[in-house]
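Enquirer: If you scroll down you'll find the structure; I have some questions about it.
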Amino acid sequence: METFVNKRSCTDNPLTRSQRKKIKLENNERIKQEEDAEEDEDEASTEFSHPVHWQKIEAEGLDCDYALLFSKKEADHFFKLLEEEVVYSTGEEAKVQVFGKVYNIPRKQATYGDAGLTYTYSGVTRSACPWTPTLEYIQDAVTKTTGQTFNFVLINRYKDGQDHMGEHRDDEKELDPLCPIASVSLGAARDFIFRHRDARGKQSCRQIEPVKLELAPGSLLLMNQPTNTYWYHSLPVRKKVLQPRINLTFRRILLNCKKMS
Ligand SMILES: O=C(O)CCC(=O)C(=O)O
């Protein structure tokens, strides 16, 4: 049987050159695919995954956890993105009712969350706008860090230290009592004060020291049960603060409180 042996030299055969060219093109294509895969991997690894160092804050009936969730650089980045994405309330939703009187709120507010959810506080019902990409990312980071799921976020924007929030408790019936309220701060650092319900005002029946914190940009404060039963919290005026701040309080609204359509 005759065996055909190809003895063509590597240099003088044009077919070999075109084969080489083909192999080179295939190699280039493979390298590009590998680079694309690496890029995808890099993007995937930007998913939130780093551990945080928790600090416990405790007093009679007060149970909070505080940690730096994001670096200052990350916090600044999210602040900028939220400045572009968040649409703040106007009209009735930008007001509060206290003892039947309607007031403008001394800050801007917005509410985002799962479809159909509403949240009523200070006499005004607010509907959830659909999650934005940045809010979803931060929500996911809070869930990965705390193991808790949230379906709603209240956003407060303070243009400077004149904007503030008065003493109140987050104890509305819509809130799942088993879920902590997770408060993420971006932008300027601000003081945050807890005051025990029995130690408020001149007529207070007990002397209990307020608990004062500074909420740093990138921080996460978890208000666990029963904090909001016994303690009021506020973000007081601080005239020396000239920079804006955004605060996000992630909450779990009970589903039987969903708006009926
Ligand atoms: O801006 C803050 O840190 C306070 C927010 C707050 O008290 C609330 O959302 O109930």
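Keep in mind that glycine also has a Cβ here, set from the backbone N, Cα and C atoms.
Curation does not apply to TrEMBL; its annotations are automatic.
Feature list, courtesy of TrEMBL:
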COMPBIAS  1-17  compositional bias 'Polar residues'
COMPBIAS  24-34  compositional bias 'Basic and acidic residues'
COMPBIAS  35-45  compositional bias 'Acidic residues'
BINDING   F99, G100, K101, Y119, T120, Y121  substrate binding site
DOMAIN    149-254  domain 'Fe2OG dioxygenase'
BINDING   N156, Y158, H168, D171, H233, R245, T249, R251  2-oxoglutarate binding site
Enquirer: Among the binding-site residues listed here, H168, H233, which has the most company in the form of other Cβ atoms within 10 Å of its Cβ?
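Expert: Its Cβ has the most other Cβ atoms within 10 Å: H233.
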Enquirer: Taking helix as H, G and I and strand as E and B in DSSP, count the residues of the domain 'Fe2OG dioxygenase' (149-254) in helix, strand and coil.
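Expert: Helix, strand, coil within the domain 'Fe2OG dioxygenase' (149-254): 7 helix, 50 strand, 49 coil.
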Enquirer: Among N156, R245, T249, the binding-site residues in the record, which have a C-beta under 6 A from ligand 1?
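Expert: Within range of ligand 1: N156, T249.
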Enquirer: If one looks at the chain holding Y158 (2-oxoglutarate binding site), which residues at least 6 apart in sequence have a CB under 8 angstroms from its CB?
Expert: R107, H164, G187, A188, R190, L235, P244, R245, I246, N247
Enquirer: Around the Cβ of Y119 (substrate binding site), how many other Cβ atoms lie within 10 Å? Please give the count over every shown protein chain.
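Expert: Other Cβ atoms found within 10 Å: 20.
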Enquirer: For the binding-site residues listed here (T120, N156), which one has the lowest count of neighbouring CB atoms within 10 Å of its own CB?
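Expert: Candidates: the binding-site residues T120, N156. Fewest Cβ atoms within 10 Å: T120.
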Enquirer: If you count the C-beta atoms lying within 10 Å of each candidate's C-beta, which of the binding-site residues K101, R245, R251 ends up with the smallest number?
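Expert: Each of the binding-site residues K101, R245, R251 was scored by Cβ atoms within 10 Å; lowest is K101.
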Enquirer: Report the same-chain neighbours of Y121 (substrate binding site): residues 6+ apart in sequence with Cβ closer than 8 Å to its Cβ, ordered by sequence.
Expert: D170, E172
Enquirer: Quick one: Cα separation, T120 (substrate binding site) versus D171 (2-oxoglutarate binding site), in Å?
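Expert: Their Cα atoms are separated by 11 Å.
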Enquirer: With the 2-oxoglutarate site defined by the record as N156, Y158, H168, D171, H233, R245, T249, R251, how many Å span the farthest pair of C-alpha atoms?
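Expert: About 24 Å separates the two most distant Cα atoms.
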